[in-house]
Amino acid sequence: MNDFTPKFRIGNGYDIHRLVTGRKLIIGGVNLKHPDNLGLDGHSDADVLTHSIMDALLGALSLGDIGKYFPPSDDKWKDVDSLILLSKVIDLVRKQGWEINNIDSVLVAERPKIKPFVEIMKKNLSNTLKIDNSFIGIKATTNEKLGPEGREEGISCHSVVLLEKKE
């Protein structure tokens with residue numbers, strides 16, 4: 001074991017939730033309207049974008065995943081706004097002396113169209129994380145009718161974060 005402390009850490013996050021009736025469709029803190037009135041199933045609000053960012057942040061510091069901190073077995077987190085959870089995760093990251101350098105996320109969904117809401121999502125995330133929204137990249141794509149996202153069974157998100165050690 002050496003005494004080397006890296007200046008940067010990279011984290012990768014992924015989340016997917018099933019589309020169901022009777023639930024809201026919250027992505028990046030934005031309540032979207034699905035053409036078939038579907039929403040994402042989950043214990044919290046099932047915000048795949050916010051969940052994948054949280055997992056990337058935790059993973060960058062080898063702190064486990066969001067289930068460790070907000071287990072679905074705990075009713076305290078039932079239907080909670082994921083931006084509240086994100087604020088708890090970023091507090092943990094900062095207590096360890098790290099800051100976000102940037103975030104890059106890719107949402108995968110056939111419908112609804114995500115692009116018109118990207119700037120609002122970035123604003124919600126940047127306000128929660130207390131970073132400039134230029135540090136956050138959000139892209140949306142389809143799966144070309146392939147896989148669970150392509151069959152409109154669910155929506156997923158991949159995120160990468162770069163953390164920098166504060167001096």
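Quick reminder: no glycine exception, Cβ is built from N, Cα and C everywhere.
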Quick one: which of Arg9, Arg151 does Swiss-Prot put in the 4-CDP-2-C-methyl-D-erythritol 2-phosphate site with Asp15, Ile16, His17, His43, Ser44, Asp65, Ile66, Gly67, Thr141, Thr142, Asn143, Glu144?
-> Arg151
Rounded Cα separation (Å) that holds between Asn143 (4-CDP-2-C-methyl-D-erythritol 2-phosphate binding site) and His51 (divalent metal cation binding site) | 20
Let me know the DSSP-derived helix, strand or coil state of Asp15 (4-CDP-2-C-methyl-D-erythritol 2-phosphate binding site), please.
-> strand
Expressed to the nearest Å, what is the distance separating His43 (site 'Transition state stabilizer') and Asp15 (4-CDP-2-C-methyl-D-erythritol 2-phosphate binding site) at their Cα atoms?
-> 13
